[in-house]
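A.B. asks: One structure, pasted below without further comment.
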Amino acid sequence: MREIVHVQAGQCGNQIGAKFWEVISDEHGVQPDGTYKGDSDLQIERINVYYNEANGGKYVPRAVLVDLEPGTMDSIRGGEFGQLFRPDNFVFGQSGAGNNWAKGHYTEGAELVDNVLDVIRKEAEGCDCLQGFQLTHSLGGGTGSGMGTLLISKIREEYPDRIMSSFSVVPSPKVSDVVLEPYNATLSVHQLVENTDETFCIDNEALYDICFRTLKLANPTYGDLNHLVSVTMSGVTTCLRFPGQLNADLRKLAVNMVPFPRLHFFMPGFAPLSARDAAAYRALNVAELTQQMFDAKNMMAACDPRHGRYLTVAAMFRGRMSMREVDEQMMQVQNKNSSYFVEWIPNNVKTAVCDIPPRGLKMSATFIGNTTAIQELFKRISEQFTAMFRRKAFLHWYTGEGMDEMEFTEAESNMNDLVSEYQQYQDATADEEGDLQEGESEYIEQEE
């Protein structure tokens, strides 16, 4: 079986990670004590991707939990699913990273990293045929961003031919805990560009907007935001966890989704959106799901896809529905909005259907888009970074841990290069020289 080793780092990474395990354990019929109480063979057929089968028929997540302070892990261990995880897989320090990327990456985190790698190695050795790793973390703090990216590069060194994917929570001024977020995020992106194969950008700004505008929550809490993250992660990993043909493992997903190695930052989306305690009032049909799924308001990254073009798209429908109708609806979206899909990658939209819907819904759809509009997210961080960096504000926290200003300058220019690369492919047309083919001029003008 093709296994995935899951790593969660830092407070945010551990909170969304714990939520992810709750949701998928429920979908696979795994009780909080690790016993299987499911009712369908589909639940168990590929359960080995994320779970080890221990003695006594217990299922144990292939998860490694990492933090530089004990707090978040204590609450996971004391929570409902705390007994699910292997006790040796909790690796934590005492000092904390103080929301400082340098502490996570170079000092405190670097001291703990070998202990973590030992546990990861043990998990990887227990795999029959390891396909890769997934990391949940945030880019705004110290541990998830600094130590998370350190772990990625160390894992990459040791397992160079395995796929590395990350669920990265991108900071936003709307939901801000830390004034250092733009620094931490930029330094992290600098690492992710080089060292991950696929990164799902989960943007706090977008999560906040969804809670506020769509779900009408006056004061969204992190619990509300994390609920959205967990349905998205459940949807994105459906193809990996249930039997099916399309994007059935991390490598196939990467092959379909990443046309150029640096451009591997995906925008996830989900439909229908509902608050965590509200049941969906009515079932949507396939047409409505498809329409919602492509809607900017349903995206988990605060970028408008209409400001860019899709390089590639993967869609995942869940529930009992007609395949034919799904294909028709997906074709219709592409035909009506053809200018938003680059014409130089034919068949760049892939669709999969899985019979088992998420809990509480008859059917749902998950969207993964590789769109050039994601540059808006990087521009937003870059602007905030530059505002602080040109005044050298707060830099002493980083240089005090042994960092050099040069590294900031490099990270800044790497992120700006990334933005230009997205722009370059947004403007690219099918013919090389950039000459207009006949009848193409009006289409370009309408693009502008």
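For all residues, glycine too, the Cβ spot is worked out from N, Cα and C.
Summarising the annotation, Swiss-Prot assigns GTP binding site to GLN11, GLU69, SER138, GLY142, THR143, GLY144, ASN204, ASN226 and lists similarity to another entry as the type of evidence. Summarising the annotation, Swiss-Prot assigns Mg(2+) binding site to GLU69. Taken from Swiss-Prot, the feature compositional bias 'Acidic residues' covers 429-448. Among the features that Swiss-Prot reports, region 'Disordered' is placed at 427-448.
In the displayed structure, how are the listed features positioned relative to their neighbours?
C.D. replies: If you take the C-beta of SER138 (GTP binding site) and look for same-chain residues 6 or more apart in sequence within under 8 angstroms, you find GLY10, GLN11, CYS12, GLY13, GLY144, SER145, SER168, VAL169, VAL170, PRO171.
In sequence order, PHE92, GLY93, GLN94, SER95, GLY96, ALA97, THR143 are the residues near GLU69 (GTP binding site), counting only same-chain partners six or more apart with C-beta under 8 A. Following the DSSP three-state reduction, the secondary structure of GLU69 (GTP binding site) is coil.
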A.B. asks: Quick one: among the binding-site residues GLN11, THR143, ASN204, ASN226, which has the most Cβ atoms sitting within 10 Å of its own Cβ?
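C.D. replies: In terms of Cβ crowding, the pick is THR143.
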A.B. asks: Measuring Cα to Cα across GLN11, GLU69, SER138, GLY142, THR143, GLY144, ASN204, ASN226, which the record gives as the GTP binders, how far apart are the two most distant ones in Å?
C.D. replies: 23
A.B. asks: List nothing but the one residue from GLY142, GLY144 whose Cβ has the fewest other Cβ atoms within 10 Å; the candidates are the binding-site residues.
C.D. replies: GLY142
A.B. asks: Under a three-state reduction of DSSP output, how is SER138 (GTP binding site) classified: helix, strand, or coil?
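C.D. replies: In the DSSP reduction, SER138 (GTP binding site) maps to strand.
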